[in-house]
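Now, the feature entries from TrEMBL:
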DOMAIN    B:3-104  domain 'CoA-binding'
BINDING   B:T16, B:G17, B:K18, B:Q19, B:K47, B:I100, B:T101, B:E102  CoA binding site
BINDING   B:Y163  substrate binding site
ACT_SITE  B:H247  active site, tele-phosphohistidine intermediate
Amino acid sequence: MKLLEYEAKRVFAEYGIPVPKGVVIRAPAEVAAHLPDLGDGVVLKAQVDVGGRGKAGGVLFADTKTAVETARDLFSREIKGVPVREILAEERLPIEHEYYVSIAVDRSSRQPVVLFADAGGVEIERMAEEDESAVRRVFVSPLLTDIPPFLMRELLGGAPKELAPVINSLYHVFQGKDAMLAEINPLVTTARGVYAADAKLIVDDNALARQGITVNRDLSEREREAEKHGFSYVELDGTIGVIGNGAGLTMSTLDLIEFYNGRAANFLDVGGGADQERVMHAVKLVASMPGVNVIVVNLLGGITRCDEVAKGIIAAGVAPTVIVRMAGTNEEEGRRLLAGCGYRMLESMDAAVKAAMEVAE
Amino acid sequence: MIYGDKNLGVIVQNITGKQGTFHTELMNAYAREVGGRGVVAGVAPGKAGREVHGVPVYNTVREALREHDATASVIFVPGGAAGDAIMEAAHAGIELAVVITEHIPVHDAMKAIAYAKLHDCTVIGPNCPGLLSPGECKLGIMPAHLATRGNVGVVSRSGTLTYEVVDELTRAGIGQSTVVGIGGDPVIGQTFVDVLARFEEDPQTKAVVVIGEVGGNLEEEGVRSTDLPVVTYIAGVSAPPEKRMGHAGAIIEGGEGDARSKVRRLRDQNIPVASRPSEIPGLIREVL
């Protein structure tokens, strides 16, 4: 789950990373009371979870006189379609130089990777594309609790040594907060010292509970409902509902729909060993999506039993046509139950998807 | 076969849990069928002295290995404790840990895999269905009846999609040497590169099916690393960016890892890519 900038900055501050003086406001007038603290120049930053926020008009500069009016302007905007409900009002830093630093999980080497660039504030992917040597990277053993000095020297190159303790603290954030990504862009130097001018923190969804996060904000309400039942669920914009077991098989079913020029309405993986009740909830959930007139159920029984799946489909008793492809454990019994209630069961994935296409058209 | 044969001695960690108990019985049913050793002991802290389907239970991996000759462990320990279970196995001398558990925090997986490497322990998974060498051994939860012995290796990030492909191959009369599910998480022990290196050393394996997914670029890395004839299939061509498609690893991040560009890069290297699972047997016949 991605934290908002001010949440990430609170975490950074706890770990000793200097952040600009700032306050979160929810109405334009609130900024007035904090102006004496923030100084002459203020930066107003919309707290919205979108990339390229600055370019999209989500960051505005103001002074003591214009702060309230500028905040009002920002609250009235939508940043890439997202309304602004919270603004982080910060002191304007006397920036000397901007750098880039991030720590992420490197899949290939199975270790944390630290990226550093001598130019910050820009999109790192673009910088790396234009000039591979502009971005330096080091890999740190996950068994270490600090970035060793030799790796830090390699990372910084000629950049100021004062950045090192901040980068090491970011590594502590990365480990301590179960982060998938911890990023400071830009990391700035000023006459007063080093600051994290921006902050990005993405927490591993599999570690939310131990990080004390109870609600995953990245999910829609229907997606959270699905999670409660043990499904993985993603809403798409097509007309053919999809239910499968296993992420790969379900994804493959979506691809097959696209292969035959159809459009899937959703991704729903019921998970391993789904019983009658779970399948029933899955069918009802997908049937409740507007515009769905046919549902493809594609299940390969291993732990999952086909007779349980059949009972779940029948129990859901929904209006859209349900087309079933099941194979594996208790397949015969499942087939008998479905046939008894007039459902169509097909032998292969391809046949099931083709049949669904006919109904959808 | 790779990783092990009939003589492989196996323990199960969290053997008293629902999945551990159920799959211990299935693994041993398969071992009886092929005349292998199967699961010889189980581990569940605080439950020493019990038996699960006739398999004795110990408090720790070390105690189990003191009484039994085993080199592999199948781990069913739940999410938050699974990293610790991998390290316990490695520390006690287990050489191959197959981690079925899903929802392991990524940082735990990174630490446990690094620790296991220090102890020369190979980790398959987490969040994987395990491996099956038809006629030899089964470690994990794959439905064995779909498979048949032969000379095509299968390596995959998925579970049920792997069964689908194995089923397609078997129906087409193409047998498998070993089927390995390496897991759907962002950080996994054995990657495509590692498994393909083992297939290359294996005299039984003549070609390999590589089943990938959206997310990361480990499929391309693997295919580049091998001289064996390979057929690939990548799931998630229709997946939207930034949305996690079930597996924690199946997500397109920062423009990296989308299935279409993976498919394009593979085809650029003249690697056959199936557009759907049912095309795989035909493509395998062409490369064999």
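Don't overthink the numbers, they just go from 1 along the chain as shown.
A Cβ is built for glycine as well, from the same backbone N, Cα and C atoms used for every other residue.
TrEMBL entries are annotated by machine, without manual review.
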- Note on the structure: Hits for chain A proximity (Cβ under 8 Å) within binding-site residues B:T16, B:G17, B:K18, B:K47, B:I100, B:T101 read none
- Task: For B:K47 (CoA binding site), name the DSSP secondary structure in the helix/strand/coil scheme.
- Result: coil
- From the Cα of the residue listed as 'substrate binding site' across to the Cα of B:K18 (CoA binding site), what is the distance in angstrom? 22
- Per DSSP, what is the residue tally for the domain 'CoA-binding' (B:3-104) in helix, strand and coil? 38 helix, 25 strand, 39 coil
- For the residue listed as 'active site, tele-phosphohistidine intermediate', the number of neighbouring Cβ atoms whose distance to its own Cβ is within 10 Å equals 27
- For B:K47 (CoA binding site), which residues of its chain lie six or more apart in sequence with Cβ-Cβ distance below 8 Å? B:T16, B:V57, B:N59
- Task: Just jot down the residues in the same chain as B:T101 (CoA binding site), at least 6 apart in sequence, with C-beta under 8 A of its C-beta; none if empty.
- Result: B:I75, B:F76, B:V77, B:P78, B:G79, B:A82, B:G125, B:P126, B:N127
- Message: I need the nearest neighbour of B:H247 (active site, tele-phosphohistidine intermediate) among the binding-site residues B:Q19, B:E102, B:Y163, using C-alpha distances.
- Response: B:E102
- Query: Closest to B:Y163 (substrate binding site): which of the binding-site residues B:G17, B:Q19, B:I100, B:E102, going by Cα position?
  - Reply: B:I100
- Note on the structure: If you tally other C-beta atoms within 10 angstroms for each of the binding-site residues B:K18, B:E102, the top scorer is B:E102
- Three-state secondary structure, B:H247 (active site, tele-phosphohistidine intermediate) (per DSSP): coil
